[in-house]
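Chemist: Have a look at this one before I ask anything.
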Amino acid sequence: EHPHAVNVAKYAPSGFYIASGDASGKIRIWDTTQKEHLLKYEYQPFAGKIKDIAWTEDSKRIAIVGEGREKFGAVFLWDTGSSVGEITGHYKIITSVDIKQTRPYRLVTGSDDYTSAFFEGPPFKFKMTISDHSRFVNCVRFNPDGSRFVTAAADGQIFLYDGKTGEKITSLGGEKAHDGGIYAVSWNKDGSQLISASGDKTVKLWDVGSNTAVTTFSLGSEVNDQQLGCLWQNDHLLSVSLSGYINYLDKNNPDRPLRTIKGHSKSIQCLTVHKTDGRSCIYSGSHDGHINIWDAETGDNDEFMGKGHSNLVSKMAVDESENLVTSSMDDTVRFTDLAKKEYSGSDMVKMDVQPKCVAVGSGGYALVVCIDQLVLLKDKKKVFTLDSLGYEPEAGALHPGGKIAAVGSAEGKVYLYSTEGSTLKEEKVVEAKGPVTDMAYSNNGAFLAVSDTKKVITIYTVADDYAVKNEFYGHHAKVVCLAWSPDNEHFASGGMDTMVFVWDVNDADKRVKIPDAHRLHHVSGMCWLNEHTLVTTAHDACIKQWTVEL
């Protein structure tokens, strides 16, 4: 419920609260024990990005640092917000802060001005500047008993200090701890070892007493394999890659994580579902071209091998031969074999102009709606292109029985084309209520649903020469996506108003409403797993499954 991107969240040592900070400088302290996660307090210590948070061990004081206009940090009481010291001594953004978890309290900060600062308190007062690093200081952390703290920086060095006096003891690994910048460190429970995450794509496990790296975990060779964060939680060693993937590290096999949690780090634009060997999978495509495969029952996820789309995935569908057909802003349409789970360089069709969406039908046909152009594909090849349409196409659908393609326009009309002979021949034009945003034929081909920017969904009866069967009102903002239930009697719609409705084709007044389906984010895609399970996604990069009682 932050209005801006959240950069940091920290448990209070008591475990009862979490403090989270966002890019606007808001800090929210909320309850962890209740399902609702009720907000306890909200503060704004400065206007600017919050980069790090630290609690004192009694869970009563909080230090936050970041990028304020006139100050870069603050320390205050968690329940009143009143100040308990000043964080001074830096002239650039402070990226990291930590508080000694034993009395007497000490506080340490790390900044982009290449220095760390050491404070005594409470109230916290500046004691000294530590200038051992030659680049940005990215992370400072006390060990659990407070006897030592380390600072890690972009110069690839980690320095160890006395927790009480701030005196330098040694530098880990001698000259350099890593070949790249170090972004994070995390101590184990007894403070004898720590792990460090680096831009050199490794995580190292250090024995502090002997000052040696016991294990080096190599996590790849790509830019996205740089390690930005790490956590030593009980027996678990975790790291976060630049790709957003979370790796569970294995001490016994350092080059292969025990498991990797994958997902989207950008907003999701579209999704579809498909059953393979009795198991339902959800496929989702995001803003950066990444496509994820989710097991609908367990939530386990994976990705396709190889190089895929390089830009936003606008629409996806699964065709008869079990290919995932995707259109993207990189001006391509790809056919990816779901059994192989691998992108293929040959099954990619280059478009002349940017595709907005793709629809699949029977007989190997696919319809690609591009900017001012329609392209008909058959068996992964272009067979017909229609230019100079005289209207701006926005969405398309192919009739399940073949033969008919429907295209919705920004002018509020639906154009129906015959696809016989692998061409597109205009047959009929039907009026919609407003500029068309999405359209879909029911699975049995009896109805065509069309949504528009005027918040209306119109259902046309195909057999009755596309006469209007019903109009559905309820959304407070434009409707963005549609999906037909397998029973052909119900369909769902999602809108800019963050709402999802499930409608009954025969009765416009009968509906199931899901308000705030994706809080603060508009619904961008939806699909049915079965007659009672709807899957939705939105620009919050989340996928949700809903059980719908009709």
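We count from 1, first residue shown onward.
Every residue gets a Cβ built from N, Cα and C, even glycine.
The feature repeat 'WD' is assigned by TrEMBL to 1-40, 130-171, 175-216, 261-304, 472-513.
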Chemist: For the repeat 'WD' (261-304), could you work out the same-chain residues 6 or more beyond its ends whose Cβ comes under 8 Å from its Cβ atoms?
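Modeler: Residues 243-246, 248, 310-318, 322, 324, 326, 328, 330, 336, 338-339, 341-343, 521, 524-530, 535, 537-543, 545.
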Chemist: When secondary structure is assigned with DSSP, how many helix, strand and coil residues does the repeat 'WD' (261-304) contain?
Modeler: 0 helix, 26 strand, 18 coil
Chemist: May I ask for the residues of the chain that lie six or more residues beyond the repeat 'WD' (175-216) and have a Cβ under 8 Å from a Cβ within it?
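Modeler: Same-chain contacts beyond the ends: 135-136, 138-139, 141-145, 147-148, 150, 152-158, 160, 222, 225-232, 234, 237, 239-240, 249, 251, 254.
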Chemist: Average the per-residue pLDDT over the repeat 'WD' (130-171) and send me the rounded value.
Modeler: 96
Chemist: Reported in the order helix, strand, coil, what are the DSSP residue counts of the repeat 'WD' (175-216)?
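Modeler: Split into helix, strand and coil, the repeat 'WD' (175-216) gives 0 helix, 23 strand, 19 coil.
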Chemist: Pull the DSSP breakdown for the repeat 'WD' (130-171) and write it out as helix, strand, coil residue counts.
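Modeler: Final tally across the stretch: 0 helix, 22 strand, 20 coil.
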